[in-house]
Amino acid sequence: MGRIQIVYSPDENVSGRTNRPGKEVVDPRTGRIIKVKRETPDDYLNVLKPIKGPKRMEFNPYLPKTLTPKGYAKFKLMMNVASKQYETLVKRLKTERTLWEDPDFPANDKAIGNLPDFRERIEWKRPHEINPNAKFFAGGASRFDIEQGALGDCWLLAVVASISGYPQLFDQVVPKDQELKGPEYVGVVRFRFWRFGHWVEVLIDDRLPVRQGRNTLVFMHSNDPTEFWSALLEKAYAKLNGCYAHLSGGSQSEAMEDLTGGICLSLELNQKERPSDLIDQLKIYAQRCCLMGCSIDSSVMEQKMDNGLIGSHAYSLTGVYPVNYRGRTQWLMRLRNPWGDSHEWKGAWCDGSPQWREISEQEKKNINLSFTADGEFWMSYEDFVTCFSRVEVCHLGLESLEYNQNFHGKRRLDEAIFSGQWQRNVNAGGCINNRTTYWTSPQFRITVEDPDPDDDDNKCSVLIGLMQTDIRKKVGADFQPIGFMVYNAPDDLNTLLSRAQLLTRSPIAKSQFINTREVTAQFRVPPGSYVVIPSTFDPNIEVNFILRVFSQTSITEQELDEDNTNQGLPDDVIEALKLEDTLLDEDQEIEQKFLAIRDPKTNAINAVKLGELLNNSTLQDIPNFQGFNKELCRSMVASVDNNLTGHVELNEFMDLWIQAKGWKHIFIKHDVDQSGYFSAYEFREALNDAGYHVSNRLINAIINRYQDPGTDKISFEDFMLCMVRLKTAFETIEAHPKNIEGTSLFSAEDYLRFSVYI
């Protein structure tokens, strides 16, 4: 079914179309000049799609799939306000000659959070009050600048240290040209973080927590007492997460994603779960567009061990290199402790160990070997997998880097991203265990066209991440168990896989279902097309989500959907009705009843008479159905009343009668327990059985409009009301004039008349 175009004209009777709102154009049918006054463009739904260009990919996952033109206008207004927030605030503060105090993150114990040791022992001071020579940067950012404070956020420190060495990553998070003194200084600092699918700017004031009576920063700080960018960055991240306390004991993977926009994969190193080809994977990751970190599980926070390593502590994995050692290849891992001090590995290949004497000077030069107490050290692959618990790998994609930027000499990975919401009774079908509802879950098709260039097995590495909105730290809610299934896509697939198709297919890959912010899994598959189905574990759980797919080679993506079409009652339903009429002979009887009650002047009946007729027929023989009421009968009249007379003639009635019997037949099929209701999850299948195929956006509107909010079910009355209104809508659109593109053209008056008479 084509689109609808409403065109306003001076006399409200002339229809026309233009691609440019606000211009005078000539109506191709009348030759008259008309003026178009639309506020929302034809392609407004394109804002739901990611923008892929030379810059970082732009995407707003908070826009609902059900976006309307009114919603679009509100969204544009909000975006304009948000984009000017920083400039507007700075301008106001300069006019008022005041320093900003952030009302959303006040300088008090609320910002500190649940850290009892610091309650009422903190003062808040601005950088110039802590050090009169305070600067945002002192000689530029470096991974050796940063020191951890009293907060257990070494995981954040490790990632900040890692990205500080790469301007293409660091400058996105820490905007340049920020000063802590001078005519432009107003006490406002800004940072950017990637959050649930897009980059957000976080504004903070520059008041920082210091120990009472001393000018020493409590939390993250620079080893240069005049430099404050790292302390302010930590504060902005604390604001994003609710308070400083929420930064204690996090994971590197979360910080990696929030500071790069990449997607993280966790690799367990214990012997049972360790991949058999781990060293090959690490070699490839070291050569790809990736950041890597690692950690050691320990029951004691930051436990210092005899071998120089620290338990429950995050490290950066900065390199994987082979060296020739005693005639064989020895793989070495280069790591860095974010504390940047002498707490380093003390075993084989540590700084100054005898093993290095047997390595050629050229090889030492090739790997930039140096021995200083800077927290950076080397160890063998064998010791690494024995001592460490996991590796976290962050793959950088279209949201992480601009088109002309690279990382380790490698281009960013290709990326596809989808956003959605699991909605109760619509598409929150749960996992495959829920056989009657699983098929309603969102479906996305991806196509990977070429195998990986850095191996020879003719397969593609595909990394899939499913993320749910992070409300845990904001409102204390728990994450829901989420996961996804991957299926081979039929060659001709352009619409949703049906319930029957899904229940007879086996997934080629699947993730675990875990109650974490994000679930990721990596697969190696031949080039081709695949269907990814994300879901919660249980049905009827409402959560916003984004689904991301990364690959070294190009990806094409499509949200699977149906076109809005009316194909009429299927042949099997028509045949069933013929058989039924042979047995009951009701068609002739109902025709005689119509003739008996018609108005002799018009040979037609109104909605009241229609109700009397239908309530004395077999159509009303449905459990718990209270009969054809006035509202339902009015809509039934409207569905066949082509000239808006408010009456139904005999031929119109008989057409409606046949269709109504077909709709009743379909309702009974889905009302398996003969209760007079069926589940809202079955509505789409019932519509398909009636010949109506509707899009994801339309089924959402239908279910929200016609389900019983108390039972989450569809009654016979609401089902019939939906059927007749869909009939009216489809036939109105099909009958209306169209342009060369198949878009239906409505004047404002026509649209309003059909909207109210339905």
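Cβ atoms are placed via backbone N, Cα and C, with glycine included.
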Which listed span Swiss-Prot calls region 'Linker', if the choices are 3-22, 23-42, 563-582: 563-582
What is the total of other Cβ atoms whose distance to the Cβ of Asp673 (Ca(2+) 2 binding site) is within 10 Å? 8
For Ser675 (Ca(2+) 2 binding site) and Cys154 (active site), what Cα-Cα distance in Å is obtained after rounding to a whole number? 59
In the domain 'EF-hand 1' (658-693), how many residues does DSSP put in helix, strand and coil? 23 helix, 5 strand, 8 coil
Compute the average pLDDT of the predicted model within the domain 'Calpain catalytic' (99-397). 89
Drop a 10 Å sphere on every Cβ of the recorded positions Asn337, Ser675 and tell me which sphere holds the fewest other Cβ atoms. Ser675
For the recorded positions His313, Asp671, Glu682, work out the Cβ neighbour count at 10 Å and name the residue with the minimum. Glu682
On the three-state reduction of DSSP, what should I expect for Asn337 (active site)? coil
DSSP, reduced to three states, assigns His313 (active site) to coil
For Ca(2+) 2, residues beyond Asp671, Asp673, Ser675, Tyr677, Glu682 with C-beta within 8 angstroms of the site's Cβ centre include exactly His670, Val672, Gln674, Gly676, Phe678, Ser679, Lys713
Same chain, 6+ residues apart, C-beta under 8 Å of the C-beta of Tyr677 (Ca(2+) 2 binding site), given in sequence order: Asn624, Asp671, Asp708, Thr711, Lys713, Ile714, Ser715, Phe716
